[in-house]
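Trainee: So Swiss-Prot lists the following for this protein:
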type	residues	note
BINDING	Tyr35, Gly68, Cys69, Ser70, Asp92, Asn93, Arg199	S-adenosyl-L-methionine binding site
Amino acid sequence: MKDTLFNESLNKRFCFDEKVAHVFDDMLERSIPYYHEMLNLGAYFIAQNLKENVYHKSLPKPLIYDLGCSTGNFFIALNQQIQQDIELVGIDNSMPMLKKAQEKLKDFNNVRFECMDFLEVKFKEASAFSLLFVLQFVRPMQREVLLKKIYNSLALNGVLLVGEKIMSEDRILDKQMIELYYLYKQNQGYSHNEIAFKREALENVLVPYSLKENIALLESVGFKHVEALFKWVNFTLLVARKT
């Protein structure tokens, strides 16, 4: 279904409710440059990591968490890349999103979804975690706490994927990056009003960090190896490995 939510001002903060869930896939594809390419790239690195050295002895089979899984797109990409038996757990606090995810992945028997606040979940030991365009919605004070929980729950050599909208620490460059991104959205069919109304709704809801800040945050919780797998202007995909 086409995203037309912001044809007029919602006069409220952005939230992942039923209206958003109905159009969310279209919103993602038209709002995040190279969205599917980043999903496939992230799935490839998790698949390679599992194949090479992360089948941890204490795990009956590899467990992968997708936090803020929304409509389940990343699990589709993972199932296309990974041939071995795996367990996929998607956690999201939006039931409308999870209903969409369950519909899309009903034919996969290795997936389960839980409607919970992932900040309160006690994770099992896992081979991989993903936070794809999610950390930017977590309150800044809670980000380090969440990442430390993830780090402590990762098996040795396990990986964390982090996809984020980012900002530049240089005011002029940041303005230019935002302008280019808005041009991208216009080319995807969004009007000036839609872009402005969505920006208004996301104010103080989506709080981006710079690339440097995100990497420093990952390193602060224990990750010694963090790489940018992909970057387009103000979007990036990071991989962090526990060693």
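Cβ coordinates are placed from backbone N, Cα and C, and glycine is handled just like the others.
What you are looking at is a predicted structure, and each value in this text was computed from that prediction instead of being measured.
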Trainee: Which of these binding-site residues has the least crowded Cβ, counting other Cβ atoms within 10 Å: Ser70, Asn93?
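Mentor: With the binding-site residues Ser70, Asn93, fewest surrounding Cβ atoms within 10 Å: Asn93.
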Trainee: Indicate whether Asp92 (S-adenosyl-L-methionine binding site) is helix, strand or coil by DSSP.
Mentor: strand
